[in-house]
Amino acid sequence: MRHIEQNSCIRFKQRTNEHNYVTVFYGSGCWSFWGLLNQGEQKLSLGAGCDYFGTVVHEFLHALGFEHEHNRSDRDDYLDIHRENVAPEWHFAFNLLLPHENRLLTGFDYDSVMLYGEGAFAKSYGLKSMTAKDGRFLDETYNKPGMSASDIKRLNMLYQCQ
């Protein structure tokens, strides 16, 4: 949370009586809903294996409204998705957003903490679920050092930080 605060105008605080709030809990897996649900409590799960810096930042950015980089409507210009290597129950994780469903505030960002690594949700270790069209390596979210410069720019644009 400090990483986000140090790079934006966003400030986290302990809940008092706010109607909308995020509850961080030790649940099953690493996940959060996207953006403000406006329904009171919004859960953010940081379960077993979620204690990596990049993973925590990734989930908080979901709560703040970020989608996955590999779901952008323009992602096919930058990535090849290898659905034959993806576990069937995870095919949905590679669905494209429709143009009106995403905010393309900046160009595609290979370094984004919101971009999964090339082995994400593969059927077995060593298979690649996606590859960069330009041949670069796509590192796993948990290995990333936090927000990229583009993530920071998007966050500040989205929240109109000065």
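All positions are counted from 1 along the displayed chain.
Just so you know, glycine gets a Cβ as well, placed from its N, Cα and C.
The structure displayed is predicted, hence computed values, not measured ones.
If you check TrEMBL, you get these features:
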DOMAIN    1-162  domain 'Peptidase M12A'
BINDING   H58, H62, H68  Zn(2+) binding site
ACT_SITE  E59  active site
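The Zn(2+) site is set by H58, H62, H68; from the centre of their CB atoms, other residues of the chain with a CB within 8 Å are S32, W34, E59, L61, F66, E67, V113, M114, T141. Rounded to a whole number, the distance between the Cα atoms of H68 (Zn(2+) binding site) and E59 (active site) is 10 Å. Cβ-based crowding with a 10 Å cutoff singles out H58 as the top-ranked of the binding-site residues H58, H68. Around H62 (Zn(2+) binding site), the C-beta neighbours below 8 angstroms that are at least 6 residues distant in the chain are W31, S32, F33, W34, G35, L44. Here the Cβ of the residue listed as 'active site' has 23 other Cβ atoms within 10 Å, regardless of which shown protein chain they belong to.
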